[in-house]
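Some notes on the structure that comes next.
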Amino acid sequence: MDTEIGAINDCKPTMNDGDCNPQNGVCIVQDSNPTPITTAEATLGGHLARRLVQIGVTDIFSVPGDFNLTLLDHLIAEPGLTNIGCCNELNAGYAADGYARSRGVGACVVTFSVGGLSVINAIAGAYSENLPVICIVGGPNSNDYGTNRILHHTIGLPDFSQEFRCFQTVTCYQAIVNNLEDAHEQIDTAISTALKESKPVYISISCNLAGIRHPTFGGEPVPFSLAPKVSNQMGLEAAVEAAADFLNKAVKPVMVAGPKLRVAKACEAFVELADASGYATAVLPSAKGRVPETHPHFIGTYWGAVSTSFCAEIVESADAYLFAGPIFNDYCSVGYSLLLKKEKAIIVQPDRVVIGNGPAFGCVLMKDFLKALSKRIKKNTASYENYHRIYVPDGQPLKCKPKEPLRVNILFNHIQQMLSKDTAVIAETGDSWFNCQKLKLPEGCGYEFQMQYGSIGWSVGATLGYAQAAKDKRVIACIGDGSFQVTCQDVTTMLRCEQKTIIFLINNGGYTIEVEIHDGPYNVIKNWNYTALVDAIHNGEGKCWTTKVLYEEELIEAIETATGEKKDCFCFIEVLLHKDDTSKELLEWGSRVSAANSRPPNPQ
């Protein structure tokens, strides 16, 4: 019989793979030729492994510990599942995050408490970015629950719920599997909840249960499917009518994409509305990569005072703006300094539409709303025509003289030329946010960064996970030296997995983004010989090429080598820059965020 299981409807950028897949109907994965159940698959661990493969997870990121060793045995016995051993739990979680961005869902496996509390920072980041990451923890022996015993890897209390309680705030569902009778139900519920809510879940499996067979695991896993969410039809029609009336009266309306387009699976619907309306179309910085930058009416990134040239002027001077899936936090709003007026805005969230100061329409899905609105909107190209009139093409950075120290604008000018449909960019928290934001993405080029949570060090693990999931793309990661020092160990895992990533290590001697918010001696870090470090990690095993560049001519030669002779290698290019060489956007942004952070208390 066919097997079905709920699968993620991941919203990939339109420029990559169109919209969400599958497009309509019940979210399922089907296997018309199920493989026979082996002895290993008939166990609890085998059942979990089979479920992971069914939803599209073919790689798990793990750190072994005594509570998860038997579970790992049974997970890797599944022929469709590969174990990627990471150096620490934080990186395993970051890798599952990066994997989920490309594949639509990711998974990591750690041990109880010391592993779970270590991975939790990465899971919190995935929660903030609406990524379905399945965090699996090898838990205590089922016989130890309720016995008043004290176990290792705990804080010395007989209560084993500390880890569970910590995960409650950063996952949408938690399952404690310490008996076999309902293990299959708990696992299936957790996985389906992750897919439906597009958030991480926590599954703890007692260490003595993973290898035990049970009748519920003995046959083909019970089929189930995830019914799609649907809009309230009357609410949808009312919202579309009100929005069309609001926008059709406007003289120069614009539309802006936000990061929740991904979780709403509405990338294609947004582009459909952009085509129909003719409006100037921008993205919030956290939504870069969600909308094709090759669209004829694309005007760049709207980021208040640090927007791409001429974009903020068009957005903020509009008499109506539609924001699809925005998050207006202090970083995105440049210290709450956006010049927007609520009465001019239509805010479309994944399941809610608010027009001006009211009315609001609930139970209306973003994808349905945008598609329906595109059929009711009148074409109006006034805002784009205004943009076209004032637009002046970007200038080229001044060319470096021979042996002149390399500048950051020269570096990213050359990275721009490397991009194609066969590449993906990973931007680390820091000045890479701003420099990568200015890159013009060709059709099909991937782009990921973590703006809401903004955890430094995220990119190393995320690069590992993304590259493992998207083997058709060469990942280009831009990472600052401070961030790299946090999580650099898993370069070794990239080498073990024979990944062909190019890392640009931007060595400017410290936490530059922190310097521009509030400087102090704590922002200066000990300088490393980063290329020598990676050479030591390489240790002659696998394909690895490293180089250090100080001048533009050396950078040109390094890029030619990495994309030519060493195209099948992991390439690490350490770029030495002056500590004060930053994007102009970071200077402006840092001062505004600093002002927001340092506001005095309100009078009591």
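Quick reminder: no glycine exception, Cβ is built from N, Cα and C everywhere.
Lifted from TrEMBL, the feature list:
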type	residues	note
DOMAIN	43-148	domain 'Thiamine pyrophosphate enzyme N-terminal TPP-binding'
DOMAIN	240-359	domain 'Thiamine pyrophosphate enzyme central'
DOMAIN	450-575	domain 'Thiamine pyrophosphate enzyme TPP-binding'
BINDING	Asp481, Asn508, Gly510	Mg(2+) binding site
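For the domain 'Thiamine pyrophosphate enzyme central' (240-359), the model's pLDDT averages out at 96. When each of the binding-site residues Asp481, Asn508 is scored by how many other Cβ atoms sit within 10 Å of its Cβ, Asn508 comes out lowest. The DSSP breakdown of the domain 'Thiamine pyrophosphate enzyme N-terminal TPP-binding' (43-148) into helical (H, G, I), extended (E, B) and coil residues amounts to 50 helix, 22 strand, 34 coil.
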